[in-house]
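A.B. asks: One structure, pasted below without further comment.
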Amino acid sequence: MKQRFSSLDVKVIAHELSAKLTSLRVTNVYDLSSRIFLIKFHKPDHREQLLIDSGFRCHLTEYARTTAGTPSGFVAKLRKYLKTRRITSVAQIGTDRILEFQFSDGLYRLYLEFYAGGNIVLTDAELNVLSLLRNVDEGEEHEKLRVGLKYNLTIRQNYGGAPELTKERVRQALQKAVDRQQNQPEATGKKAKKASKDSLRKALAVSITECPPLLVDHALHVANFDSTLKPEEVIADDSLMEKLVSVLQDARKITDEITTADQIKGYILAKPNPSAPTNVDESSDKSRLLYDDFHPFRPQQFENSDYTFLEFDGFNKAVDEFFSSIEGQKLESKLTEREQQAKKKLEKARKEHEDRIGGLQQVQELNFRKAEAILANVHRVTEATEAVNGLIRQGMDWVDIARLIEREQNSGNAVAQLIKLPLKLNENTITLLLDETNWEEGQEVEDEGNETSSVSEDSDEEAAGEEDGAKKKSAPVKVSARPQLAIDIDLSLTAWANSTEYFDQKKTAANKEDRTLQASTRALKSHEKKVAEDLKKGLKQEKEVLRPVRKQHWFEKFIYFISSDGYLVLGGKDAQQNEIIYRRFLRKGDVYVHADLKGAMPMIIKNKPDTPDAPIPPSTLSQAGNLCICTSDAWDSKAVMSAWWVRSDQVSKTGQTGEFLPAGMFNLKGKKEFLPPAQLVVGLTVMFEISESSKANHQKHRIQETAVSAAEMVDEATDETKAADATKTDNSDDDEDFPDAKIESDSEDDFPDAKMGQAEESDAESEAAAPRSNPLQSRRTDARDESDDEDEPPVAHKGDEFAMSGGRNGSSANEEPQEDTGSVADTEQTSKSTGRRQLSARERRLARKGQLPELPQVPSDAAPAADDAAHEDGSSAEEGSAKTRGKVPGTATSQGTKQKNTPLPRGKRAKAKKQAAKYAAQDEEDRELAMRLLGSKSGQQAAEAAAQEKRQKEEQAQADKQRRREQHLRAQAAGKAAEEARLRALENAEDDDEGDEVLKTKLQNLDAFTGRPLPNDEILSAIPVCAPWSALSSYKYKAKIQPGSTKRGKAVKEVLAIWDHAGKDAKALDKSSQDTERIWPKEIDLIRGWKEMEVVGIVPVSKVRVMIAGGRRGAEIAKGKKKSARGGRGSKKK
């Protein structure tokens, strides 16, 4: 069986990986084992998984595998360097079995070695080793590899390109092989014959490395070249040499054709599986065949053999199927082996339990038989005990008594023949052989008569004994067949007392059986539980059976469900998704559903692509409103509230003053149509995807489109909502904001992350970044609207600006009143004007007196200089220092002028004169040197450096602020342009040719989803769905979810466990897949392939209570419990 790649396999797989992985980013790196790793790649709407088995294989896989809980050190290094990096190149190094992956245009490189022990080496752009799977010491065929060393590519096979295939090169290759063979000892027997057959191919494989041996063998068979020729024979014949060169050139052409083809074919060579069961379906090739080899071409040498060729579209797919099938078989065998071991343990425990109970029952039966036998032979027991007691009373030795009884037995004494030797006189007991009561009633009557006569007279006893002996002699076969029991008789007790003893022993054994039965039953249950837990723990440790990775549909990234009328309902999980839904999927004829509740997630109802102007049915509107209410805080408070809906043309991204609203916020125009109060009930269900050919089976089950006029549908919807509208106040739908949760984005085109509380930021920036919350009830909080109401007469439904809620866990900070956005310049002037300094009390008094108050406001960069000047004023005269030092900062100069106007005290004036005279001849350089020696200059320099750093930070902050402002303005302009284009398209009924056609195709494919497959349907996949309970009436698998106290993860686990347990019930499972009310094997297998976290992610509510078919029984099954017997104190009957 083939286990590792050849050089041709590496070349072909590099070609395929380059086409499929280039431009994808690394999502993450995982451990599967100590030498098998998984790298996940992604780009929008496309994901790939790369499996790497160091030294053996590397391919994309379509199967899900269990990853390690914590990454190894090597994987942690790979994550550090490669995570989020874009792959830019995949190539083979020369013709060697080495793959090179380049990330970020060669900034990092990953080398996979598929020879010897294999290795994975991560380097930087200069080929310095950053990390590697295993360290390699220097050897004959490989260099030393350690972290920090350079990875040498020049020594790799044909790194500069494969040399040209010439006659001289082939001759040299064969000559080297001949020389090597001469230096080696000659092989004998079968080895010599095999070596002679493969000598030519091996000789070429060593030197002509660009052509693998199997490819050379294939080319030789295609050209009908005798592959059994020896190298020296080819060297000696020029015609053979030329033909061989032509064969090798054909082999290289095959390689070039494979790598240049648009679609590469992969082939698996399989043998019949001798251990496969005979009743296996013919279509299940995996069970009937054993995979043995794989190639990117069809080998000619195996055409007429027992191999079966399996063809695949792509060499990567063939390799994935080959190794994944083998890996899956190993995993299944391990799981089966563990289950068999657990069954053996349980069987052994049950057998021990049965043997223990059976032994006690046998003891009871034996004691009962002994007691009955004693009662049936009371006279004989009495005779035997009296005879032995008489001998003991005579003082006869115990040995002599045994000899006497033996002689009497030989002479035919009936009493002696009852006694079984040896005697147990030390225990004061003897063993008697007595007949059982159920043996030949006529014979028993006869014996009883004889025994009665023997009691009367001794002579009669002897006569009867002789008669019995004669009967035994006359019918030896019948006597020998009579069953006899060896019964121990206590010599100190009568026959009746001995019988009573055995009856007591039987009762004691019965009581012991009851106690043992109870104790062993408990022990058996405990042992079964322990074995089951050990099995469950062992199965968890073992990897799960390989299952194909289910390709997610485009709508699964959102909140989604298909209504009972067949309409797709979408909702965002956060504000960013709401923005995506608005831009990409909200089209003319669609409906927007929302609620005036905190945390409510808005829903979009997609209209039918064929009839976009048809009204949405009321049932679909109600179901979308129900889910919207369930995602809000009403779920936790269990408050029954109402949602509302508007048409798609009533929703826009342009505010009332013309500004473009931030992400997740939208402006509403016109009237809201309120829906009936919602039910706080959702359901977890399974939606199956069927094939195109199976859609025809469901046509009669689809709701047919009826020609109902739009006016009738609107009137019907309006009539249902009148009661809800009557309960609302007049001001409940006017001018209300619904702010969204804060959205963090790393993109430079997104809105800036403005900080709260900075007066320099513009209003638009603050609104984009500030966390906001929605009011629970409709009420006016916008100061702008209140001022408008005072100045202008109220206009009905003038406009409603709201936000699509980003989730139930969004920020709850209140939004400040939103003013007109205005320009950035106006905002800056406003912020600067609000930053004026308040006058102190002293300054106000001076101002009233007409004196000019001192202004302490100085530039920030002059503050350290002012401090230094003040320090100098306290130690020397200002006048002299000002003349010698020249100019000082403006603040210090003003303070020096102030000092001149004020006369100095007498002591300081004299001191200043002395200093002026002392330093009169000192110039600036001398002063600098003196100050440096004194150390006073260092403080000033440090202050100046700090001031410089502060100025740089402020300049950088100002530049960042300006950059964010420009980004914001660019985003505003781009958003406005896109919104205007969208509105124009809606008004003119124009469609985006590419986007809308793709969306129409996606919506038309909704017929492939059903909640209840029909017989003969081809089921492709199973999709978990969480939808309003009213939309799940036709679904087969469903669990009702209501507000409760259970976490959704635990609830989902419970539901999946119940469905899994039901799939193991033989009564509920329909193996023929015909009964739509029972579980089908294909359905339950697809459900078991779900990952628990994927299912948890689709449930939009938090604390829940699960109600499922089976009630309490289902919950107990999920926990592994059985329904307990009815208990309690019972009824109070009088």
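Including glycine, each Cβ sits where the backbone N, Cα and C put it.
In TrEMBL, annotation is done automatically, which means it is predicted and not curated.
Quantities reported herein were computed from a predicted structural model and do not represent experimental measurements.
What TrEMBL shows for this protein is this:
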- 719-731: compositional bias 'Basic and acidic residues' (COMPBIAS)
- 810-837: compositional bias 'Polar residues' (COMPBIAS)
- 891-902: compositional bias 'Polar residues' (COMPBIAS)
- 906-916: compositional bias 'Basic residues' (COMPBIAS)
- 947-963: compositional bias 'Basic and acidic residues' (COMPBIAS)
- 977-987: compositional bias 'Basic and acidic residues' (COMPBIAS)
- 1120-1134: compositional bias 'Basic residues' (COMPBIAS)
- 557-670: domain 'NFACT RNA-binding' (DOMAIN)
- 1001-1107: domain 'NFACT protein C-terminal' (DOMAIN)
- 177-196: region 'Disordered' (REGION)
- 436-477: region 'Disordered' (REGION)
- 711-999: region 'Disordered' (REGION)
- 1115-1134: region 'Disordered' (REGION)
A.B. asks: In the compositional bias 'Basic residues' (906-916), how many residues does DSSP assign to helix, to strand and to coil?
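C.D. replies: Taking each residue of the compositional bias 'Basic residues' (906-916) in turn, the totals are 11 helix, 0 strand, 0 coil.
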A.B. asks: Sort the residues of the compositional bias 'Basic and acidic residues' (977-987) into helix, strand and coil with DSSP and give the three counts.
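C.D. replies: Reading the DSSP string over the compositional bias 'Basic and acidic residues' (977-987) gives 11 helix, 0 strand, 0 coil.
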A.B. asks: Counting by DSSP secondary structure, give me helix, strand and coil numbers for the domain 'NFACT protein C-terminal' (1001-1107).
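C.D. replies: So the counts come to 41 helix, 27 strand, 39 coil.
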A.B. asks: So how many of the residues in the compositional bias 'Basic and acidic residues' (947-963) end up helix, strand or coil by DSSP?
C.D. replies: 17 helix, 0 strand, 0 coil
